[in-house]
């Protein structure tokens, strides 16, 4: 399994690859020399209290996080904050099936959990940057799973938390959705148990996977309003074939499967013997819970149930017919709501 | 392709197979001797004005329509009405890929549209029963597609219409969802271009298809509330493996594909050169539009847009976290709302 040029600096940089050494894994085994791909923006102040961690979602890298969240005049402004975007393990940039060699290459890559990512990130932030706290952890979807895990696992470290379009404990419904995504890939004969030559061998499975994302990622209102056409596609067919299929086609199937497996099992209550209320009750971060109104698999109803268990938290749904993939940043009104909430959260006093 | 015992009288009867002769098809070609499987309940009165037509949904037959809608004390009471349930073409009981022979057997079955079903049903009702009107047409999902088609195509014939959890013109979003269902089946190597030996050869594809129904057919609230467990399943896994997979496993894959193709293309505006407002504006039936609150692919928002185009119609959403598959009748509160609406509709004066 050779490295895939899709994940290189040209498409997703600049990022720095930082080795954090051995990472023990919750499922057993370890990654001997774990590499985290990191992009930073802005400067750490002398007090080291202006650091923000941005986590990444399924299939996303530090590049789209920069495009969606970060910039002059945005809530995450590099002029004010030291913003650290850490690519999740398995996303193709950090240690992943695609870029591993030997006993952990491709389909033999070990099972990695959200908790493993968060411990790896904690090691990075404390050892590489000498941080003792984060002003904010923010992320969408699987990035929200990491955000919740951070706030539960390191309650004194995380001063503010902004989980967007994600849950602290994955639902049974969402588990099955992610399973349909994985099986769209693994059912392709070209997948060959993970021993394909290149993503092109799995093109049919990746296209079915893209169609499932078309159904669950946006919303029927998005399409009824013709928002896919406003993005420059003549028809639904063009949107599916060009945008959605084209987005996923170059990605490494084993990487996607590693992330989907992790997503299915996101659950902060693993820290408290299965007691979700107890886990969320630990959170000291000032927390704004931000689902997206039309999200079909991390819907507001699931997020609100959890928000009520977080002390002092606020429920701040973002209204957008884009649904879950409003995360892509295609709806300026969603971004405006997001920034207003983040600005307010960042201005809020914390302990 | 031999006939499949699943569709026999034992599991789905009693039903009568009525031959209506040649049926010309909108896509071209014809079914030479079209058979409609029909179940009736109650007695036609002398004035022939107490007939109700019940249409069927994807994968459903006249048997579940009886169980869900019809009975003493229900709105559809055989003591008052002559209730005719007509199985849709392609559902395994009426003329279908599975029970056709020769040039139209299995994968060579011609493309059938909602409009073909409705013309076939009109022929049956006028020629076999001598009907000049229907007191009500009622159906859910693809049954709603047929209900709308009836009301648009035969506006004087249909006195009342109750489309449940379905649309008059299928949405682009729903089109892609149905495509994912079809491709779950056709991507199974055992499907073999439709030339499988039995549904068991396509078990893996049918199981993926069942998982997609699990995700889109119910709702995340349904599972969060543990309603699947209340139905007698210990876990999500048992619900998927036993109930959902078991439900679809014996069905004929080519039959399911024929219905899915038809579902994708349901569109009353074919009667009016593509003008949906004009088509729905034709309706003279007193119409109650009844989406289900948590439906993920025929959601209330899509149904309400259409309802507003129907003269004198009412929007009567049914509240149930079961979502679309509330149609199965597992939520007594949904059935109570349904009956209250149907009783009111049946009591309403009409032209």
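Numbering starts at 1 and runs along the chain as it is shown here.
Glycine is no exception: its Cβ is also placed from the backbone N, Cα and C atoms.
Annotated features, as they stand in TrEMBL:
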ACT_SITE  A:141  active site, nucleophile
ACT_SITE  A:295  active site
ACT_SITE  A:324  active site
DOMAIN    A:73-327  domain 'AB hydrolase-1'
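The CA atom of residue A:324 (active site) is located 8 Å away from the CA atom of residue A:141 (active site, nucleophile). For residue A:295 (active site), the number of other Cβ atoms no farther than 10 Å from its own Cβ, over all displayed protein chains, is 30. Ranking the active-site residues A:141, A:324 by how many other Cβ atoms lie within 10 angstroms of each Cβ puts A:324 at the bottom. Rounded to a whole number, the C-alpha distance linking residue A:295 (active site) with residue A:141 (active site, nucleophile) is 10 angstrom.
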